[in-house]
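A.B. asks: Straight out of TrEMBL:
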{"type": "TRANSMEM", "residues": "A:7-26", "note": "transmembrane segment"}
{"type": "DOMAIN", "residues": "A:44-147", "note": "domain 'Cytochrome c'"}
{"type": "BINDING", "residues": "A:Cys58, A:Cys61, A:His62", "note": "heme c 1 binding site"}
{"type": "DOMAIN", "residues": "A:182-297", "note": "domain 'Cytochrome c'"}
{"type": "BINDING", "residues": "A:Cys205, A:Cys208, A:His209", "note": "heme c 2 binding site"}
{"type": "DOMAIN", "residues": "A:308-398", "note": "domain 'Cytochrome c'"}
{"type": "BINDING", "residues": "A:Cys321, A:Cys324, A:His325", "note": "heme c 3 binding site"}
Amino acid sequence: MAKRRFLPALFLIVVVLLIIVAVLWWRENRSNDNPVQKVSATDEQIARGRYAARAADCAACHTVEGGGLFAGGFPMETPFGTVHGSNITPSADYGIGRWTREDFHRAVREGITPGGRHLYPAMPYNSYYMMSDQDLDDIYAYLMTRPAIDVPTPQNDLPFPFNQRFLMIGWNLLFQNKDPLPAVSSGDSELWVRGRYLTDVMGHCAECHTPRGMFGQMDLAQSLKGGTLGRFKAADITPSGLAERGWTPGDLGQFLATGTAPQGSAFSEMHMVVALSTQYLTKEDMTAMTTYLMGDKPPPPKVAQLTPGGDKGRAQYLNLCAGCHGVSGEGKPNVAPAMAGNATIRQGDATNLIASILDGLPEQAFPGNSNMQSMPGFARKLNDQQMAELVNYTRTTWGGLPGDITAAQIDALREH
Amino acid sequence: MKITTRPITLTINGKKQGPLDIAEGMMMIDFLNEYVNLTGSRLGCGQGVCHACVVIEDQPDGSSHETRTCITGAHYFDGKAIRTVEGHATINDKGEEVPSPVQQAFMDHYSFQCGYCTPGFVNAATVFIEGLKRNPIARDELEEAILKAMNNHICRCTGYVRYYEAVRDLVLKTPGLIRETKNG
């Protein structure tokens with residue numbers, strides 16, 4: 001008898017669950033047929049919007065190389081699959097042409113688009129949620145007055161279940177930020193406050209520079225202490241982490257404005273950040289950002305305790321590196337950055353140093369008509385032992401770090 | 001100032017060279033030009049960009065690849081085997097110099113004018129064709145493969161197309177470099 005009563009109840013539960021899933025699926029996938037928005041704005045507001053959109057680095061993900069500005073398509077590799085930046089031009093069918101001001105505010109701050117469709121947190125709404133009404137209105141006015149580009153956003157490449165957007169409802173319940181990100185430095189000056197907004201909200205620096213947990217959420221207890229999303233690790237950019245590698249607020253400002261500094265040149269995704277975003281910050285905003293990153297009372301840059309490197313490593317360096325980086329690691333302008341004082345060499349975790357030697361780096365242009373040449377990869381030219389000797393030579397000679405990298409650590413980073 | 005030297009022994013164009021005492025940190029292009037009188041490898045940019053200075057580095061497994069000598073120290077090549085542009089032509093029964101097929105193709109196509117980049121192109125095309133002998137490719141992959149193999153080499157005279165066509169024609173008329181495929 002009990003079984004007879006149990007079965008219909010189970011059936012009912014299953015039906016209700018299926019209906020819920022169907023409704024959620026429908027909400028995520030229905031089309032938006034709201035009226036196309038006509039937005040007009042003054043030149044002044046458009047200029048403000050362009051500045052804010054650059055400070056928020058919208059173009060990085062919403063523009064693909066060779067594609068139209070903001071027409072989407074940039075593939076962001078995540079541990080869960082590839083997510084593509086969407087078309088945010090005013091295209092009615094492919095972009096945000098039907099979005100109202102309120103729709104735009106909600107999408108940027110909460111990651112929910114008109115109709116209830118959830119964005120993946122690759123869209124940094126967990127940083128943008130504190131964005132001011134003024135900045136959002138200005139960016140909206142700027143975007144909506146750009147030419148509409150009618151190209152669809154490429155399909156994301158996410159396996160089941162991650163391709164089910166309604167799962168983000170649960171993710172948001174667990175991880176959506178309601179409070180400002182924890183301050184990484186101390187200060188209360190006007191510049192510091194502005195810098196905190198530029199860094200944590202607009203620049204969304206924490207998205208790459210903070211370690212992430214199992215579900216891809218930022219581990220805010222370790223805000224800006226370094227992230228591990230891609231092949232290269234985003235460095236620790238807390239005041240102590242920066243000072244540890246020899247950064248000063250002045251050098252940091254130079255780096256963010258021009259992509260190069262005595263501590264090295266921007267590479268990988270940070271090169272994009274400089275090219276599309278930070279180079280456009282006003283001098284005052286740049287000072288604000290570096291004031292926040294290093295605090296109102298910045299710690300003094302650490303002086304590295306250098307020790308001579310081993311002969312074998314020195315031989316590898318002279319054979320393969322000195323031609324561009326100089327016999328004494330002095331570098332060559334517009335060719336290769338200096339090794340002496342290089343912040344990447346001074347990173348305790350040698351991942352970035354090893355990966356750049358293994359893979360090489362592409363040629364890069366920097367603001368102000370300067371550039372760095374492409375660096376060849378040496379994966380084929382050096383075996384694990386030789387590369388460990390080379391890495392350890394640079395770490396002790398210029399990094400003030402122990403030469404403790406093993407051949408096994410090199411092997412682990414090879415792309416087999 | 002004291003210049004530290006270290007000995008170097010290597011095989012160039014099949015001939016053993018050394019041991020020679022060479023200054024630590026000397027670039028390979030200087031070693032070739034100044035110490036063993038092989039002046040065919042050209043110093044162009046000196047920064048690893050133009051590829052006029054590349055030599056062929058032969059691996060023990062029979063494969064080979066290009067290496068830029070203007071940014072690679074001479075001592076890197078200690079114990080290794082390389083070929084330079086001087087090593088391609090052969091001598092026939094009559095004692096005449098016979099260009100390699102790649103060299104002949106470049107001449108037939110008027111591929112170069114000033115010739116400064118040519119040693120690098122000869123080495124690049126030779127590495128490419130030897131690679132095809134080991135691993136033939138499909139006909140419809142050829143154009144892209146030539147581009148990939150030669151793309152890093154800079155030429156300021158002939159606009160690349162004659163080098164490109166020379167390599168394509170040579171590949172197509174040399175048996176065994178192209179795999180049979182359905183579509184061509």
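Cβ atoms here come from the backbone N, Cα and C positions, even for glycine.
These numbers come from a predicted model, not from an experiment.
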A.B. asks: To the nearest whole angstrom, what is the C-alpha distance linking A:Cys205 (heme c 2 binding site) and A:Cys58 (heme c 1 binding site)?
C.D. replies: 13
A.B. asks: Counting only residues 6+ away from its ends, which parts of the chain sit with a Cβ under 8 Å from the transmembrane segment (A:7-26)?
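C.D. replies: Non-local partners: 164, 166, 169.
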A.B. asks: Which one is it: of the binding-site residues A:Cys208, A:His209, A:His325, whose Cα lies the shortest distance from the Cα of A:Cys61 (heme c 1 binding site)?
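C.D. replies: It is A:Cys208, whose Cα lies nearest.
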A.B. asks: Who sits close to A:Cys324 (heme c 3 binding site): which same-chain residues at least 6 apart have their Cβ under 8 Å from its Cβ?
C.D. replies: A:Lys332, A:Val335, A:Ala336, A:Gln373, A:Met375
A.B. asks: Note the mean pLDDT of the domain 'Cytochrome c' (A:308-398), expressed as a whole number.
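C.D. replies: It averages 96.
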A.B. asks: I need the nearest neighbour of A:His209 (heme c 2 binding site) among the binding-site residues A:Cys58, A:His62, A:Cys321, A:His325, using C-alpha distances.
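C.D. replies: Of the binding-site residues A:Cys58, A:His62, A:Cys321, A:His325, A:Cys58 has its Cα closest to that of A:His209 (heme c 2 binding site).
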A.B. asks: Around the heme c 1 site formed by A:Cys58, A:Cys61, A:His62, which additional residues qualify by having Cβ within 8 Å of the site's Cβ center?
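C.D. replies: Same chain, not in A:Cys58, A:Cys61, A:His62, Cβ within 8 Å: A:Asp57, A:Ala59, A:Ala60, A:Thr63, A:Phe70, A:Gly72, A:Phe74, A:Gly85, A:Ile88.
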A.B. asks: Within a 10 Å radius of its Cβ, which of these binding-site residues (A:Cys61, A:Cys205) has the fewest neighbouring Cβ atoms?
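C.D. replies: Per-residue Cβ counts within 10 Å for the binding-site residues A:Cys61, A:Cys205 bottom out at A:Cys61.
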A.B. asks: Near chain B: which of the binding-site residues A:Cys58, A:Cys61, A:His62, A:Cys208, A:His209, A:His325 have their Cβ closer than 8 Å to one of its Cβ atoms?
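C.D. replies: Nothing passes the 8 Å Cβ test.
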A.B. asks: Determine, using Cα-Cα distances only, which of these binding-site residues is closest to A:His62 (heme c 1 binding site): A:Cys208, A:Cys321, A:His325.
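C.D. replies: Answer for the nearest of the binding-site residues: A:Cys208.
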A.B. asks: Round to the nearest Å and give the CA-to-CA distance linking A:Cys208 (heme c 2 binding site) with A:Cys58 (heme c 1 binding site).
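C.D. replies: Distance (Cα to Cα, whole Å): 15 Å.
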A.B. asks: Write down the Cα-Cα distance for A:His325 (heme c 3 binding site) and A:Cys58 (heme c 1 binding site), rounded and given in Å.
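C.D. replies: One finds 34 Å between the Cα atoms of these residues.
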